[in-house]
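The following feature annotations were taken from TrEMBL:
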| type | residues | note |
| --- | --- | --- |
| DOMAIN | 4-326 | domain 'Adenosine deaminase' |
| BINDING | His9, His11, His189, Asp270 | Zn(2+) binding site |
| ACT_SITE | Glu192 | active site, proton donor |
| SITE | His213 | site 'Important for catalytic activity' |
| BINDING | Asp271 | substrate binding site |
Amino acid sequence: MPLPKAELHLHIEGTLEPELAFALAARNGVTLPFKDTEELRRAYDFRDLQSFLDLYYGLMAVLRTEDDFAELADAYLTRAAAQGVRHAEIFFDPQAHTARGVPIGTVIEGLATALDAAERRHGVSTRLIMCFLRDQSADSALETLESAKPHLHRITAVGLDSAEAGNPPSKFREVYEAAAALGLRKVAHAGEEGPAAYVREALDVLGVERIDHGLRCMEDPELVERLARERVPLTLCPLSNLRLRVIDLLEEHPLARMMDAGLFCTVNSDDPAYFGGYVGDTFHAVREALGLSEDRLRELARNSFEASFLEDDEERRARLIAEVDAYDFGVELQE
Ligand SMILES: Nc1ncnc2[nH]cnc12
Ligand SMILES: [Zn+2]
(Lines of atoms letter the chains of each structure in order from A and count residues from 1; the text may use other names and numbers.)
(Lines give C-alpha, C1' and ligand atoms only; values in the text may rest on other atoms or scores of the structure.)
(Ligands and ions follow the chains in the order given, each with its own letter.)
Protein backbone atom coordinates (compact mmCIF):
# COMPACT_ATOMS: atom_id res chain seq x y z
CA MET A 1 0.00 0.00 0.00
CA PRO A 2 1.48 3.35 -1.03
CA LEU A 3 1.88 6.27 1.39
CA PRO A 4 -1.47 8.17 1.61
CA LYS A 5 -1.15 11.69 0.24
CA ALA A 6 -3.02 14.66 -1.20
CA GLU A 7 -2.10 16.14 -4.56
CA LEU A 8 -2.42 19.94 -4.53
CA HIS A 9 -0.65 20.96 -7.75
CA LEU A 10 -1.98 19.11 -10.74
CA HIS A 11 -3.13 20.52 -14.08
CA ILE A 12 -5.78 18.19 -15.42
CA GLU A 13 -4.77 19.08 -19.00
CA GLY A 14 -1.26 17.97 -18.04
CA THR A 15 -2.53 14.42 -17.45
CA LEU A 16 -3.38 13.94 -21.14
CA GLU A 17 -1.38 10.83 -22.02
CA PRO A 18 -0.37 10.36 -25.69
CA GLU A 19 -2.60 7.29 -26.04
CA LEU A 20 -5.70 9.18 -24.88
CA ALA A 21 -4.73 12.19 -27.03
CA PHE A 22 -4.70 10.01 -30.15
CA ALA A 23 -7.94 8.23 -29.18
CA LEU A 24 -9.73 11.56 -28.65
CA ALA A 25 -8.22 12.98 -31.88
CA ALA A 26 -9.70 10.04 -33.83
CA ARG A 27 -13.06 10.37 -32.08
CA ASN A 28 -13.28 14.13 -32.72
CA GLY A 29 -11.77 14.23 -36.21
CA VAL A 30 -8.75 16.25 -35.10
CA THR A 31 -5.46 15.81 -36.99
CA LEU A 32 -2.41 15.96 -34.73
CA PRO A 33 0.97 17.09 -36.12
CA PHE A 34 2.54 13.81 -34.92
CA LYS A 35 2.56 10.43 -36.67
CA ASP A 36 1.99 8.36 -33.54
CA THR A 37 2.39 8.29 -29.75
CA GLU A 38 6.11 7.57 -30.03
CA GLU A 39 6.74 10.63 -32.17
CA LEU A 40 4.67 12.71 -29.75
CA ARG A 41 6.65 11.39 -26.75
CA ARG A 42 9.89 12.30 -28.50
CA ALA A 43 8.67 15.92 -28.55
CA TYR A 44 8.68 15.94 -24.71
CA ASP A 45 12.19 17.33 -24.62
CA PHE A 46 11.62 20.78 -23.20
CA ARG A 47 14.04 23.70 -23.03
CA ASP A 48 11.98 25.75 -20.59
CA LEU A 49 8.41 26.47 -19.45
CA GLN A 50 7.38 28.15 -22.74
CA SER A 51 8.52 25.26 -24.94
CA PHE A 52 6.38 22.96 -22.79
CA LEU A 53 3.38 25.31 -22.83
CA ASP A 54 3.43 25.47 -26.65
CA LEU A 55 2.99 21.69 -26.90
CA TYR A 56 0.59 21.52 -23.93
CA TYR A 57 -1.85 24.09 -25.37
CA GLY A 58 -1.57 22.57 -28.86
CA LEU A 59 -2.47 19.07 -27.72
CA MET A 60 -5.60 20.35 -25.96
CA ALA A 61 -7.22 20.60 -29.44
CA VAL A 62 -8.41 16.99 -28.93
CA LEU A 63 -10.54 17.91 -25.87
CA ARG A 64 -13.97 18.94 -27.14
CA THR A 65 -16.91 17.32 -25.33
CA GLU A 66 -18.03 16.81 -21.74
CA ASP A 67 -17.22 13.12 -22.16
CA ASP A 68 -13.65 13.99 -23.19
CA PHE A 69 -13.09 15.99 -20.00
CA ALA A 70 -14.76 13.29 -17.88
CA GLU A 71 -12.54 10.60 -19.43
CA LEU A 72 -9.42 12.70 -18.91
CA ALA A 73 -10.19 13.28 -15.22
CA ASP A 74 -11.21 9.68 -14.61
CA ALA A 75 -7.94 8.42 -16.12
CA TYR A 76 -5.98 10.75 -13.82
CA LEU A 77 -7.95 9.80 -10.70
CA THR A 78 -7.51 6.08 -11.44
CA ARG A 79 -3.73 6.46 -11.75
CA ALA A 80 -3.45 8.81 -8.79
CA ALA A 81 -5.50 6.55 -6.51
CA ALA A 82 -3.18 3.63 -7.38
CA GLN A 83 -0.27 5.78 -6.17
CA GLY A 84 -1.84 6.60 -2.81
CA VAL A 85 -3.64 9.88 -3.62
CA ARG A 86 -6.64 10.19 -1.29
CA HIS A 87 -7.50 13.81 -2.00
CA ALA A 88 -6.80 15.88 -5.14
CA GLU A 89 -7.13 19.62 -5.75
CA ILE A 90 -7.19 19.91 -9.51
CA PHE A 91 -6.32 22.92 -11.69
CA PHE A 92 -7.99 23.57 -15.01
CA ASP A 93 -7.39 26.30 -17.62
CA PRO A 94 -10.78 27.48 -18.94
CA GLN A 95 -9.31 30.12 -21.28
CA ALA A 96 -7.33 27.43 -23.14
CA HIS A 97 -10.66 25.82 -24.04
CA THR A 98 -13.00 28.78 -24.51
CA ALA A 99 -10.45 30.26 -26.96
CA ARG A 100 -11.05 27.14 -29.11
CA GLY A 101 -14.83 27.49 -28.92
CA VAL A 102 -15.39 24.96 -26.11
CA PRO A 103 -17.81 26.51 -23.58
CA ILE A 104 -16.67 26.76 -19.97
CA GLY A 105 -19.75 24.76 -18.92
CA THR A 106 -18.61 21.80 -21.07
CA VAL A 107 -15.23 21.82 -19.31
CA ILE A 108 -16.56 22.16 -15.76
CA GLU A 109 -19.50 19.78 -16.07
CA GLY A 110 -17.35 17.17 -17.82
CA LEU A 111 -14.70 17.31 -15.09
CA ALA A 112 -17.41 17.34 -12.41
CA THR A 113 -18.86 14.07 -13.71
CA ALA A 114 -15.54 12.30 -13.06
CA LEU A 115 -14.97 14.11 -9.76
CA ASP A 116 -18.43 13.19 -8.48
CA ALA A 117 -17.70 9.53 -9.23
CA ALA A 118 -14.19 9.63 -7.75
CA GLU A 119 -15.20 9.07 -4.15
CA ARG A 120 -17.22 5.97 -5.04
CA ARG A 121 -14.83 4.62 -7.70
CA HIS A 122 -11.47 5.48 -6.21
CA GLY A 123 -12.02 6.62 -2.60
CA VAL A 124 -10.59 10.03 -3.55
CA SER A 125 -12.09 13.38 -2.52
CA THR A 126 -11.55 16.28 -4.89
CA ARG A 127 -11.72 20.05 -5.32
CA LEU A 128 -11.48 22.16 -8.50
CA ILE A 129 -9.21 25.19 -8.86
CA MET A 130 -9.91 27.47 -11.82
CA CYS A 131 -6.72 29.04 -13.18
CA PHE A 132 -6.33 32.28 -15.09
CA LEU A 133 -3.69 32.34 -17.83
CA ARG A 134 -1.25 35.05 -16.74
CA ASP A 135 -0.04 35.69 -20.31
CA GLN A 136 -3.61 36.73 -21.22
CA SER A 137 -5.08 40.09 -20.21
CA ALA A 138 -6.56 40.97 -16.83
CA ASP A 139 -9.85 41.69 -18.66
CA SER A 140 -9.89 38.17 -20.07
CA ALA A 141 -9.45 36.81 -16.52
CA LEU A 142 -12.39 38.96 -15.34
CA GLU A 143 -14.55 37.69 -18.23
CA THR A 144 -13.59 34.12 -17.33
CA LEU A 145 -14.63 34.62 -13.71
CA GLU A 146 -17.92 36.13 -14.90
CA SER A 147 -18.59 33.17 -17.22
CA ALA A 148 -17.88 30.72 -14.37
CA LYS A 149 -20.62 32.19 -12.15
CA PRO A 150 -23.29 29.57 -13.03
CA HIS A 151 -20.78 26.86 -11.97
CA LEU A 152 -19.35 28.37 -8.79
CA HIS A 153 -20.69 25.54 -6.61
CA ARG A 154 -18.18 23.31 -8.42
CA ILE A 155 -15.17 25.57 -7.82
CA THR A 156 -13.20 25.92 -4.58
CA ALA A 157 -10.43 28.33 -5.53
CA VAL A 158 -8.79 30.39 -8.24
CA GLY A 159 -5.19 30.01 -9.40
CA LEU A 160 -2.75 31.68 -11.78
CA ASP A 161 -0.60 29.77 -14.26
CA SER A 162 1.08 29.82 -17.72
CA ALA A 163 4.11 31.92 -18.74
CA GLU A 164 5.40 33.55 -15.55
CA ALA A 165 8.26 35.83 -16.54
CA GLY A 166 6.96 39.33 -17.31
CA ASN A 167 3.47 38.54 -16.00
CA PRO A 168 3.56 39.52 -12.32
CA PRO A 169 0.78 38.61 -9.90
CA SER A 170 -0.16 42.29 -9.45
CA LYS A 171 -1.62 42.26 -12.99
CA PHE A 172 -4.48 40.17 -11.53
CA ARG A 173 -5.29 42.10 -8.36
CA GLU A 174 -8.81 42.99 -9.45
CA VAL A 175 -9.90 39.51 -10.49
CA TYR A 176 -8.51 38.01 -7.25
CA GLU A 177 -10.49 40.56 -5.24
CA ALA A 178 -13.62 39.68 -7.21
CA ALA A 179 -13.00 35.95 -6.72
CA ALA A 180 -12.56 36.39 -2.96
CA ALA A 181 -15.82 38.39 -2.83
CA LEU A 182 -17.52 35.36 -4.40
CA GLY A 183 -16.17 33.14 -1.61
CA LEU A 184 -13.39 31.50 -3.60
CA ARG A 185 -10.03 30.60 -2.04
CA LYS A 186 -6.82 31.83 -3.67
CA VAL A 187 -3.56 30.24 -4.82
CA ALA A 188 -1.05 31.27 -7.53
CA HIS A 189 2.00 29.95 -9.33
CA ALA A 190 4.96 32.11 -8.32
CA GLY A 191 8.72 31.68 -8.17
CA GLU A 192 8.86 28.85 -10.72
CA GLU A 193 10.72 30.72 -13.48
CA GLY A 194 9.80 34.16 -12.12
CA PRO A 195 11.69 35.92 -9.33
CA ALA A 196 11.22 35.74 -5.55
CA ALA A 197 9.55 39.17 -5.78
CA TYR A 198 6.58 37.50 -7.51
CA VAL A 199 6.13 35.25 -4.46
CA ARG A 200 5.91 38.37 -2.28
CA GLU A 201 3.41 39.95 -4.69
CA ALA A 202 1.25 36.84 -4.73
CA LEU A 203 1.07 37.02 -0.93
CA ASP A 204 0.80 40.78 -0.47
CA VAL A 205 -1.18 41.89 -3.53
CA LEU A 206 -3.33 38.83 -4.29
CA GLY A 207 -3.58 37.48 -0.72
CA VAL A 208 -3.02 33.86 -1.74
CA GLU A 209 -3.10 31.07 0.83
CA ARG A 210 -0.65 28.77 -0.95
CA ILE A 211 2.19 29.34 -3.40
CA ASP A 212 2.45 26.94 -6.33
CA HIS A 213 6.15 26.13 -6.85
CA GLY A 214 7.80 29.01 -4.93
CA LEU A 215 11.18 27.43 -5.55
CA ARG A 216 12.97 30.71 -6.21
CA CYS A 217 12.12 32.01 -2.72
CA MET A 218 15.44 30.37 -1.86
CA GLU A 219 17.18 33.37 -3.45
CA ASP A 220 15.69 35.65 -0.76
CA PRO A 221 16.56 34.63 2.84
CA GLU A 222 14.14 37.16 4.34
CA LEU A 223 11.30 35.73 2.28
CA VAL A 224 12.24 32.19 3.34
CA GLU A 225 12.08 33.30 6.95
CA ARG A 226 8.66 34.88 6.40
CA LEU A 227 7.21 31.86 4.52
CA ALA A 228 8.39 29.59 7.34
CA ARG A 229 7.05 31.89 10.08
CA GLU A 230 3.66 32.31 8.39
CA ARG A 231 3.52 28.62 7.48
CA VAL A 232 2.65 29.33 3.85
CA PRO A 233 2.32 26.02 2.01
CA LEU A 234 4.48 25.58 -1.11
CA THR A 235 3.30 23.06 -3.69
CA LEU A 236 6.62 21.90 -5.13
CA CYS A 237 6.92 19.80 -8.31
CA PRO A 238 10.46 18.41 -8.51
CA LEU A 239 10.05 16.34 -11.71
CA SER A 240 8.53 19.38 -13.44
CA ASN A 241 11.49 21.53 -12.33
CA LEU A 242 13.84 18.92 -13.80
CA ARG A 243 12.01 18.54 -17.13
CA LEU A 244 11.57 22.30 -17.57
CA ARG A 245 15.24 22.84 -16.72
CA VAL A 246 14.67 24.98 -13.65
CA ILE A 247 17.25 22.60 -12.14
CA ASP A 248 19.88 20.52 -13.98
CA LEU A 249 19.75 17.39 -11.82
CA LEU A 250 17.15 16.06 -9.40
CA GLU A 251 19.99 15.67 -6.88
CA GLU A 252 20.27 19.48 -6.93
CA HIS A 253 16.62 20.08 -6.07
CA PRO A 254 16.36 22.32 -2.97
CA LEU A 255 13.46 20.35 -1.41
CA ALA A 256 15.54 18.94 1.46
CA ARG A 257 17.17 22.34 2.13
CA MET A 258 13.74 23.96 2.06
CA MET A 259 12.42 21.51 4.64
CA ASP A 260 15.55 22.06 6.76
CA ALA A 261 14.79 25.81 6.60
CA GLY A 262 11.37 25.14 8.14
CA LEU A 263 9.34 25.72 4.97
CA PHE A 264 5.92 24.08 4.68
CA CYS A 265 6.61 21.90 1.63
CA THR A 266 4.43 19.53 -0.35
CA VAL A 267 5.42 17.36 -3.32
CA ASN A 268 3.24 17.16 -6.44
CA SER A 269 3.36 16.14 -10.10
CA ASP A 270 2.24 19.32 -12.01
CA ASP A 271 1.77 17.79 -15.51
CA PRO A 272 2.51 14.09 -15.02
CA ALA A 273 1.84 12.95 -18.60
CA TYR A 274 4.61 15.28 -19.77
CA PHE A 275 7.14 15.18 -16.94
CA GLY A 276 7.74 11.47 -16.48
CA GLY A 277 5.78 10.59 -13.37
CA TYR A 278 2.66 10.81 -11.24
CA VAL A 279 2.90 11.91 -7.62
CA GLY A 280 3.83 8.50 -6.21
CA ASP A 281 6.63 8.29 -8.79
CA THR A 282 7.71 11.78 -7.71
CA PHE A 283 7.92 10.73 -4.04
CA HIS A 284 10.06 7.74 -5.06
CA ALA A 285 12.31 9.88 -7.26
CA VAL A 286 13.02 12.53 -4.61
CA ARG A 287 13.49 9.89 -1.96
CA GLU A 288 16.20 8.30 -4.09
CA ALA A 289 17.82 11.47 -5.38
CA LEU A 290 17.85 13.41 -2.10
CA GLY A 291 18.06 10.51 0.35
CA LEU A 292 14.94 11.65 2.22
CA SER A 293 14.29 9.83 5.48
CA GLU A 294 10.99 8.13 6.30
CA ASP A 295 10.28 10.99 8.73
CA ARG A 296 10.72 13.52 5.92
CA LEU A 297 8.41 11.54 3.59
CA ARG A 298 5.84 11.30 6.37
CA GLU A 299 6.13 15.06 6.93
CA LEU A 300 5.51 15.71 3.21
CA ALA A 301 2.43 13.49 3.22
CA ARG A 302 1.10 15.05 6.44
CA ASN A 303 1.74 18.53 5.01
CA SER A 304 -0.26 17.69 1.90
CA PHE A 305 -3.40 17.10 3.98
CA GLU A 306 -2.72 20.03 6.32
CA ALA A 307 -2.28 22.42 3.36
CA SER A 308 -5.38 21.13 1.57
CA PHE A 309 -8.74 22.89 1.38
CA LEU A 310 -10.42 20.20 3.49
CA GLU A 311 -11.77 22.71 6.04
CA ASP A 312 -15.31 21.58 5.27
CA ASP A 313 -14.38 18.01 6.12
CA GLU A 314 -12.06 18.16 9.12
CA GLU A 315 -13.03 14.64 10.07
CA ARG A 316 -11.66 13.32 6.80
CA ARG A 317 -8.50 15.39 7.15
CA ALA A 318 -7.88 14.04 10.67
CA ARG A 319 -8.48 10.46 9.52
CA LEU A 320 -6.05 10.81 6.61
CA ILE A 321 -3.36 12.39 8.81
CA ALA A 322 -3.78 9.54 11.31
CA GLU A 323 -3.24 7.10 8.42
CA VAL A 324 -0.01 8.87 7.49
CA ASP A 325 1.19 8.76 11.10
CA ALA A 326 0.48 5.02 11.30
CA TYR A 327 1.96 4.24 7.87
CA ASP A 328 4.43 1.36 7.80
CA PHE A 329 7.17 2.04 5.22
CA GLY A 330 8.31 -1.58 5.51
CA VAL A 331 5.19 -2.66 3.65
CA GLU A 332 5.91 -0.36 0.73
CA LEU A 333 9.54 -1.44 0.47
CA GLN A 334 8.49 -5.08 0.16
CA GLU A 335 6.21 -4.34 -2.84
N1 LIG B 1 4.46 24.22 -14.59
C2 LIG B 1 3.56 25.12 -15.03
N3 LIG B 1 3.81 26.44 -14.83
C4 LIG B 1 2.96 27.35 -15.27
N5 LIG B 1 1.84 27.07 -15.93
C6 LIG B 1 1.54 25.77 -16.15
N7 LIG B 1 0.51 25.19 -16.77
C8 LIG B 1 0.69 23.87 -16.73
N9 LIG B 1 1.84 23.59 -16.11
C10 LIG B 1 2.39 24.76 -15.73
ZN1 LIG C 1 1.75 24.07 -12.31
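For all residues, glycine too, the Cβ spot is worked out from N, Cα and C.
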When the pLDDT values for the domain 'Adenosine deaminase' (4-326) are averaged, what is the result?
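The average pLDDT of the model in the domain 'Adenosine deaminase' (4-326) works out to 98.
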Within 8 Å of the centroid of the Cβ atoms of His9, His11, His189, Asp270, which other residues of that chain place their own Cβ, given that this set defines the recorded Zn(2+) site?
Leu10, Gly14, Phe91, Asp161, Asp212, His213, Thr235, Cys237, Ser240, Asn268, Asp271
In terms of Cα spacing, which of the recorded positions Glu192, His213, Asp271 are within 10 angstroms of His9 (Zn(2+) binding site)?
His213, Asp271
What recorded positions in His9, His11, His213, Asp270 place CB under 6 Å from ligand 1?
His11, Asp270
Near Glu192 (active site, proton donor), which recorded positions out of His11, His213, Asp270, Asp271 have their CA within 10 Å?
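Cα filter at 10 Å returns His213.
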Looking at the recorded positions His11, His189, His213, whose Cα is closest in space to that of Asp271 (substrate binding site)?
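For Asp271 (substrate binding site), the closest Cα among His11, His189, His213 is found at His11.
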Give the helix, strand or coil assignment DSSP yields for His11 (Zn(2+) binding site).
strand
Just the number: how many Å between the Cα atoms of His11 (Zn(2+) binding site) and His213 (site 'Important for catalytic activity')?
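Computed Cα spacing between His11 (Zn(2+) binding site) and His213 (site 'Important for catalytic activity') is 13 Å.
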For ligand 2, list the recorded positions among Glu192, His213, Asp270, Asp271 whose CB atom is within a distance below 6 Å of it, in sequence order.
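Only Asp270 meet the Cβ criterion.
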Starting from each candidate's C-beta and looking 10 angstroms out, tell me which of the recorded positions Glu192, Asp270, Asp271 has the most other C-beta atoms.
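Its Cβ has the most other Cβ atoms within 10 Å: Asp270.
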Which whole-number value in Å describes the distance between the Cα atoms of Asp270 (Zn(2+) binding site) and His213 (site 'Important for catalytic activity')?
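Here the two Cα atoms are 9 Å apart.
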Among His189, His213, all listed as recorded positions, which has the most CB atoms within 10 Å of its CB?
His189
Just to be sure I understand the packing, how many Cβ atoms besides its own are within 10 Å of the Cβ of His9 (Zn(2+) binding site)?
28
To the nearest Å, how far is the Cα of His189 (Zn(2+) binding site) from the Cα of His213 (site 'Important for catalytic activity')?
6
